[in-house]
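Feature annotation from Swiss-Prot assigns region 'Amidoligase domain' to 1-266. The UTP binding site annotation in Swiss-Prot covers S14, K187, T188, K189, P190, T191, Q192, K223. Residues or ranges marked as CTP binding site by Swiss-Prot on the basis of sequence analysis: S14, D147, I148, E149, K187, T188, K189, P190, T191, Q192, K223. Taken from Swiss-Prot, the feature ATP binding site applies to S15, L16, G17, K18, G19, I20, D72, K239, D240, V241, supported by sequence analysis. Taken from Swiss-Prot, the feature Mg(2+) binding site covers D72, E140. Summarising the annotation, Swiss-Prot assigns domain 'Glutamine amidotransferase type-1' to 291-542 and lists sequence analysis as the type of evidence. The annotation L-glutamine binding site is assigned in Swiss-Prot to G352, L380, G381, M382, Q383, E403, R470. For C379, the entry in Swiss-Prot reads active site, nucleophile, with the evidence type sequence analysis. The active site annotation in Swiss-Prot covers H515, E517 and is backed by sequence analysis.
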Amino acid sequence: MTTNYIFVTGGVVSSLGKGIAAASLAAILEARGLKVTIMKLDPYINVDPGTMSPTQHGEVFVTDDGAETDLDLGHYERFIRTRMSRRNNFTTGRIYSEVLRKERRGDYLGATIQVIPHITNAIKERIIEGGEGHDVVLVEIGGTVGDIESLPFLEAIRQMAVDVGREHTMYMHLTLVPYMAAAGEVKTKPTQHSVKELLSIGIQPDVLICRSDRAVPANERAKIALFCNVPEKAVISLKDVDSIYKIPGMLKSQGLDDYICKRFSLNAPEANLQEWEQVIYQEANPGGEVNIGMVGKYVELPDAYKSVIEALKHGGLKNRVTVNIKLIDSQDVETRGVELLKDLDAILIPGGFGYRGVEGKLMTAQYARENNIPYLGICLGMQVALMEFARNVAHMEGANSTEFVPDCKYPVVALITEWRDEEGNVEQRSEQSDLGGTMRLGSQQCQLTDGSLVRQLYGSDTIVERHRHRYEVNNMLLKQIEAAGLRVAGRSGDDQLVEIVEIPNHPWFVACQFHPEFTSTPRDGHPLFSGFVKAASEYQKRLAK
């Protein structure tokens with residue numbers, strides 16, 4: 001199989017939507033029966049985004065194999081069926097650390113290590129490895145052309161045309177075409193300068209995606225084609241839309257997929273976008289709306305919860321309702337009280353790390369439990385639900401997590417290496433033990449309890465979901481909590497860890513240790529989010545009676 005490469009770069013400004021554009025194009029090519037994958041190359045020096053601030057970088061998207069990656073990989077998985085892995089995302093820091101490790105081992109036989117060829121070769125090797133077994137690989141280069149950090153990646157993708165052949169490589173450049181209200185026209189000069197910058201690096205773009213708040217007129221596209229040395233049919237207008245799921249159809253309507261298939265000599269049938277048309281129809285024709293509050297600590301940057309927000313929208317699609325998401329800072333709940341939670345049809349507490357805002361989340365979980373409001377807790381959202389239930393229902397005063405209070409009387413949540421035996425003694429587990437010593441990452445099997453709500457929602461005894469956490473339910477204190485009315489609805493495949501809890505006498509109260517948002521897609525949804533949004537609709541109807 002010959003693999004073809006489409007390299008996606010951005011110019012003029014950041015946040016043009018390279019990831020969405022790449023994912024949308026991949027969706028069309030996949031709909032033509034081609035085997036497609038997408039890679040994201042990030043120019044920052046962090047080895048991975050795992051320890052980066054969510055309010056700076058956005059969410060960390062976790063893959064099946066446990067890689068902590070850029071949030072764009074979430075977009076990729078929501079648009080195409082191919083599952084991402086650690087091969088689909090790497091950073092400057094990762095490349096440099098690998099090259100330096102090889103140098104220390106003597107792999108380079110005393111050679112002087114340089115950006116060219118050693119760093120660029122390492123980048124190219126990663127790209128080729130990530131694309132194995134696919135007809136088309138889209139490679140998104142993070143940042144903006146002209147950034148000093150991006151230069152090694154841009155040089156590497158320039159060399160790819162030499163290594164694999166120009167007939168198997170394409171360069172797609174996203175650029176801004178701003179509308180000037182005073183002049184009453186769009187301006188192409190920023191695009192011309194951006195392409196000039198790219199040409200100075202040695203890359204001639206084959207396709208230009210022109211981002212604007214309105215359609216770029218044909219005469220302006222012709223002008224761009226002339227000055228940028230690109231065929232007119234390869235100058236694509238991509239205006240702002242109210243739904244990102246309209247973008248595959250917009251690209252297809254301008255013949256971009258035909259142009260690419262012809263360029264790569266790919267004999268593929270016409271794309272069938274019926275599934276995407278169905279998604280767009282569902283989104284545009286809701287039968288109602290629900291208000292769901294998400295109480296977190298990173299709400300100043302919604303991208304910190306990107307997959308959760310999208311999963312809630314997918315749940316709305318499956319129930320034919322619009323989901324209005326109210327982002328609430330958990331610290332505001334601490335200072336201003338649960339009045340902030342009024343007029344909500346459901347409440348969700350997502351994952352997070354650290355003590356800041358935890359008391360507000362505990363107040364939120366208590367409010368949802370006592371007022372029979374549908375509740376979905378994810379990761380830390382499950383842990384605070386457990387802590388709140390232990391304190392206020394199981395009479396375990398001061399119940400807490402060892403993440404926040406290491407020497408608390410009732411450590412109902414503890415580090416994976418910290419477990420209490422039957423006598424109450426702390427049992428230490430090292431990295432050599434079965435459960436490992438740090439973060440639990442990636443897909444893990446979960447056995448669902450017969451008769452539980454989640455068993456009904458999933459329609460299966462066994463599920464696989466993705467994890468990202470260091471703390472787990474302390475089994476030694478579980479019996480007392482269960483006796484007070486909490487039900488364990490799911491356990492790990494080895495029956496050692498609690499994965500899901502429910503409150504049976506509550507209309508809809510589910511909390512899970514894993515992250516179901518990472519596997520939700522607009523076409524398929526996710527059982528937990530579909531059930532959660534349905535419960536919100538039913539709660540709203542009960543109140544209206």
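Each Cβ is built from the backbone N, Cα and C atoms, and glycine gets one as well.
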Quiz item: Just the number: how many Å between the Cα atoms of E140 (Mg(2+) binding site) and G19 (ATP binding site)?
Solution: 7
Practice problem: Measure from the Cβ of E403 (L-glutamine binding site) and count the other Cβ atoms within 10 Å, all protein chains considered. | Solution: 20
Quiz item: Of all the binding-site residues given, namely S14, S15, D72, I148, K189, which is spatially nearest to E403 (L-glutamine binding site) at the Cα level?
Solution: D72
Quiz item: Restricting the comparison to the binding-site residues G19, D72, T191, which residue's C-alpha is spatially nearest the C-alpha of M382 (L-glutamine binding site)?
Solution: D72
Quiz item: Of all the binding-site residues given, T188, Q383, which residue's CB has the most CB neighbours within 10 A?
Solution: Q383
Quiz prompt | Of the binding-site residues listed as S15, G352, L380, G381, the one whose CA lies nearest the CA of K189 (UTP binding site) | solution = S15
Quiz item: Counting distance between Cα atoms, which of the recorded positions G19, T188, D240, H515 is nearest the residue listed as 'active site, nucleophile'?
Solution: H515
Quiz item: Among the recorded positions D72, E140, D240, E517, whose Cβ has the fewest other Cβ atoms within 10 Å?
Solution: D240
Quiz item: If you count other Cβ atoms within 10 Å of each one's Cβ, which of the recorded positions K187, K189, K223, R470, H515 has the most?
Solution: H515
Quiz item: Sorted by position, what residues of the same chain at least six away from T191 (UTP binding site) have a C-beta under 8 A from it?
Solution: G11, V12, T175, L176, V177, L208, C210, I224, C228
Practice problem: Identify, among the binding-site residues G17, P190, G352, G381, the residue whose Cβ has the fewest other Cβ atoms within 10 Å in this structure. | Solution: P190
Exercise. Return the member of S14, Q192, K223, Q383, R470 nearest to D240 (ATP binding site) in space, with distance defined Cα to Cα and candidates limited to these binding-site residues.
Key: S14
